[in-house]
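Undergrad: Take this structure, written in structure tokens, and hold onto it; I'll ask about it next.
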Amino acid sequence: MTAATEQKEKTGTDNVGRVVRVTGPVVDVEFPRGSVPELFNALHAEISYKDLAKTLTLEVAQHLGDSLVRCISMQPTDGLVRGVDVTDTGASISVPVGEGVKGHVFNALGACLDDPGYGKDFEKWSIHRKPPAFDELEPRTEMLETGLKVVDLLTPYVRGGKIALFGGAGVGKTVLIQEMINRIARNFGGTSVFAGVGERTREGNDLWVELADANVLKDTALVFGQMDEPPGTRMRVALSALTMAEYFRDEKQQDVLLFIDNIFRFTQAGSEVSTLLGRMPSAVGYQPTLADEMGELQERITSTRGRSITSMQAVYVPADDYTDPAPATTFAHLDATTELSRSVFSKGIFPAVDPLASSSTILDPSVVGDEHYRVAQEVIRILQRYKDLQDIIAILGIDELAEEDKQLVQRARRIERFLSQNMMAAEQFTGQPGSTVPLKETIEAFDKLSKGDFDHLPEQAFFLIGGLEDLQRKAESLGAKMEDTSGDGAPAQSDSKSDSKGDDADKDA
């Protein structure tokens, strides 16, 4: 039996072409006249390489004319030669959906990686789908409470919205995504889908182990197309994960959390594919279709009536340049942005969120309420004034400031440190359990802090703690130690002349 005959039995189609050119992951295939497959159709080629037989999946990317199609391979093309038969499946790439995908790891083609052969009999959906119709969208806006003080107070997340974590290399994007998976799964239940797009394979394995240890793997589906995969796979893996999430939203009427790490790699893979297809590059070398490709993905991530897909996306910022077309294009689709800053990270404040650079569309009295909005704006005002004064402090010293500004600087430094928090995802590194602070307590604590109710407490007491009880406990501990050494019973005060001194004290604490 020939390979073409076997493929005909598998796919039910006799539309068979042959390979005429192979250039890396780009494959040109010639079909009989009048039988050219449609764009995005999946093609299969049976190849043998070093005594190993495998099925190669290609996706039609261009029609070249004269019955020729140009395809992108989803796997390495080692062993693929001219003349090999290629069969049109008559459909696009599809992935398994349903309750059975939870607790397992899949690749972009829907093959189970942790249990080969698992899921072959599941219902399958095409990864290329249209977004919900406008009249099906959910008109209400609701906040998603996370238990992280800096997020809930200053950049509240939208249930059913799109949230991005911006930052350069090594500032904690993946750790924060792992933290959110833990928090959402433990506090709210529901289903999570994780898409690993072009990131480190080691991180994918670590995530798998951590989710299993936290007992949340049973409610999570993972789809990986990591950095060792061809660009075609890295470009499609986000769509595969989104398709699984859409099933839970549309068929099971569930609220779903979709995590994408990293959306920049999706753009990067699209750029590689565009170059391989011979398209003229656009700004900074990116593909001319960047906005369309991003829109096709982001428009499907939305809330329909009574159910939602809430997406959290890590966005790598090349060279910390926010004007780069990749992060700039992502901005247009977002409901909330959380910027992770290297300067905040260097102070040892985790999560390293820059509160002045982060934003949310629902930080509005009509959504979060008057009290939440008022407290958030006062905290932002204090932090912004502190930032404005830092040049003067660096040149002249804090003693040259007016008394009012001195007091504001002291208060701002306490606010900065109180925005830090121990995280569940980092327990194995810090040895400290993660903390969750209810929104009401967060608002109350920062209201008191911004009014000066805690000005007498040492700065170190605010560092890497949870709510008000933790603050009182740590302040009493530090106060007792400092009284014993000073002997005069004076309230504990910290030296604020230098940021570096305060930061060193925080780290020691």
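Glycine too: its Cβ is placed from the backbone N, Cα and C atoms.
Residues or ranges marked as ATP binding site in Swiss-Prot: GLY167, GLY168, ALA169, GLY170, VAL171, GLY172, LYS173, THR174. Per Swiss-Prot, region 'Disordered' is recorded for 476-509. Per Swiss-Prot, compositional bias 'Basic and acidic residues' is recorded for 496-509.
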Undergrad: Which Cβ among the binding-site residues (ALA169, VAL171) has the fewest C-beta neighbours inside 10 Å?
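TA: Among the binding-site residues ALA169, VAL171, the lowest count of other Cβ atoms within 10 Å belongs to ALA169.
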Undergrad: List the other residues in this chain whose Cβ sits within 8 Å of the Cβ centroid of the ATP site residues GLY167, GLY168, ALA169, GLY170, VAL171, GLY172, LYS173, THR174, in sequence order.
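TA: My list of surrounding residues reads TYR316, LEU340.
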Undergrad: For each of GLY167, GLY168, GLY170, GLY172, count the other CB atoms within 10 A of its CB; which of these binding-site residues has the top count?
TA: GLY167
Undergrad: Cβ distance under 8 Å to LYS173 (ATP binding site), same chain, sequence separation 6 or more: which residues?
TA: LEU165, GLY167, ASP261, ASN262, ALA314, VAL315, TYR316, LEU340
Undergrad: Long-range same-chain neighbours of THR174 (ATP binding site), Cβ under 8 Å, sequence gap at least 6?
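TA: Once residues fewer than 6 apart are set aside, THR174 (ATP binding site) is near GLU199, GLU203, ASP261, ALA314.
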Undergrad: Quick check: in three-state DSSP terms, what is GLY168 (ATP binding site)?
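TA: Going by the DSSP assignment, GLY168 (ATP binding site) belongs to neither helix nor strand, so it counts as coil.
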